[in-house]
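Remarks on the structure that follows.
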Amino acid sequence: MGKPVVAVVGRPNVGKSTFFNYLAGSRISIVEDTPGVTRDRIYTEIEWRNTKFTLIDTGGIEPYSEDIIMQQMKRQAEIAIETADVIIFMVDAKDGMTATDKEVATMLRKSQKPVVLCVNKVDRVGDPPPDVYEFYNLGMGEMQIISSVHGLGIGDLLDEVFEHFPEDIASEEEEDVIKVAVVGKPNAGKSSLINSILGENRVIVSNIPGTTRDAIDTHVEKDGQKYTFIDTAGIRRRSKISENIEKYSTIRSWTAVERADVCLIMIDAEDGVTEQDTKIAGYAHQQGKASIIVINKWDLIEKQTGTLEEYRKVVHEKLGFMTYAPVLFISAKTGQRVIKIYELIKFVADQAAFRISTGMLNDLVSEAVAMVQPPSDKGKRLKIYYMTQIGVKPPSFVVFVNDVELFHYSYERYLENQLRKNFGFEGTPIRFIHRQREKEN
């Protein structure tokens with residue numbers, strides 16, 4: 001399996017977000033200023049006892065009325081329960097045990113997931129007030145007592161969480177297996193596509209959004225290449241519930257993206273590119289994943305000459321950060337063009353793993369600089385000394401220059417275009433790191 005997922009669950013204002021932010025620390029950073037690249041502080045990767053896991057913050061609900069609070073809390077907890085391997089159930093020592101705490105406890109017991117009870121806002125962790133022991137009445141077993149504000153007791157809490165991780169935590173670096181995440185909003189046809197690819201109904205399909213409850217791995221071999229398809233459940237927006245809940249609709253897709261080598265970003269041809277599609281695609285881009293934009297239900301679109309190319313143009317306009325991704329028009333229901341998917345997956349996976357020698361790279365840089373002069377500012381011009389590739393998946397390059405402040409985004413984009421023109425890299429993002437050094441004599 002991949003990284004374990006730990007969700008922090010509890011009623012509003014018990015300190016979930018404070019706890020999350022304490023653990024996240026400086027590891028949360030704003031990435032590219034690009035539409036669709038999520039900035040929500042909703043989850044982060046934590047490492048404890050040499051094991052990485054994903055921590056989900058289910059906080060941030062604004063209480064409007066008692067009824068709405070209950071709806072939001074229940075929906076939030078449901079999603080966290082479905083997603084998580086281990087749940088931290090947080091309560092507030094200062095408020096004491098409430099009716100809402102009891103309802104959450106009942107819900108968690110029914111889940112049969114491992115739950116660690118965490119009593120927050122205790123200033124003297126080693127000598128807690130007697131009142132905290134009333135939380136034993138929740139029937140959740142032993143409690144961990146912490147102060148998120150002061151960082152007290154958190155190590156013991158994480159030790160307890162660690163004990164509940166599945167035993168089969170292991171690297172997924174299997175030999176020559178391409179892991180494919182099929183992601184998209186509910187009812188875009190993710191399960192239908194996998195069924196069409198496999199030629200059999202391995203995944204229950206229904207036109208009711210959210211039918212697929214959890215991520216399902218399907219292993220298949222085609223022409224000597226092994227693939228693992230990860231089908232992710234979609235969670236439908238509920239109009240009567242606060243828009244804060246919408247953030248959780250892509251949690252499963254995010255965890256699938258993290259595990260994947262290639263992402264198939266499913267878009268409903270009739271709906272076009274929606275805001276939710278943009279967020280999911282943006283996350284795949286942010287994570288450096290090779291991606292294919294799959295326009296499903298193409299058989300339902302009324303077509304004229306040029307319809308396909310015009311649609312492709314609109315897709316790349318709306319997903320402007322992902323113009324490198326090929327767009328495939330299919331019908332999972334009829335099987336139209338589905339046969340092309342294996343070939344395209346293998347192609348973009350190879351592109352993401354492609355390496356270029358430093359010599360070839362610097363020949364390209366010399367030619368690029370000769371064609372378009374680097375930018376200058378106040379009489380000082382950018383000088384590129386050399387470039388070398390430092391990684392794959394995604395292809396990553398370090399560029400050594402005289403002044404990183406002169407390396408404008410527009411010139412970086414120009415170099416990226418030259419790389420793509422000469423070496424391909426279709427379907428994969430490219431990363432640049434700028435390094436400044438003095439010119440050698």
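Cβ from N, Cα, C; glycine included.
Annotation comment: Swiss-Prot describes 4-169 as domain 'EngA-type G 1'. Per Swiss-Prot, the feature GTP 1 binding site maps to 10-17, 57-61, 120-123. Residues or ranges marked as domain 'EngA-type G 2' in Swiss-Prot: 178-353. Taken from Swiss-Prot, the feature GTP 2 binding site covers 184-191, 231-235, 296-299. The domain 'KH-like' feature in Swiss-Prot is assigned to 354-438; the stated evidence is sequence analysis.
Fewest Cβ neighbours within 10 Å among the binding-site residues LYS16, LYS190: this applies to LYS16.
When the alpha carbons of GLY184 (GTP 2 binding site) and THR58 (GTP 1 binding site) are compared, the span between them is 21 angstrom.
Following the DSSP three-state reduction, the secondary structure of LYS190 (GTP 2 binding site) is helix.
Of the recorded residues, LYS16 (GTP 1 binding site) and ASN187 (GTP 2 binding site) place their C-alpha atoms 32 Å from one another.
Rounded to a whole number, the C-alpha distance linking LYS190 (GTP 2 binding site) with GLY10 (GTP 1 binding site) is 32 angstrom.
Secondary structure counts, DSSP: the domain 'KH-like' (354-438) has 32 helix, 24 strand, 29 coil. THR58 (GTP 1 binding site) sits 25 Å from ASN187 (GTP 2 binding site), taking the CA atoms of both as reference points.
For GLY10 (GTP 1 binding site) paired with ASN187 (GTP 2 binding site), the C-alpha to C-alpha distance reads 30 Å.
Annotation: THR58 carries the greatest number of neighbouring Cβ atoms among the binding-site residues THR58, ASN187, TRP298 [cut-off 10 Å, Cβ to Cβ]. Here ASN13 (GTP 1 binding site) is positioned 46 angstrom away from TRP298 (GTP 2 binding site), judged by their C-alpha atoms. Residue environment of GLY10 (GTP 1 binding site) contains 26 other Cβ atoms, counted within 10 Å of its Cβ in all protein chains. The binding-site residues in question are ASN13, VAL122, GLY184, and the one with the fewest Cβ neighbours inside 10 Å is ASN13. If you measure from the Cα atom of VAL122 (GTP 1 binding site) to that of ASN187 (GTP 2 binding site), you get 45 Å. For the pair ASN13 (GTP 1 binding site) and ASN187 (GTP 2 binding site), the Cα-Cα distance reads 34 Å.
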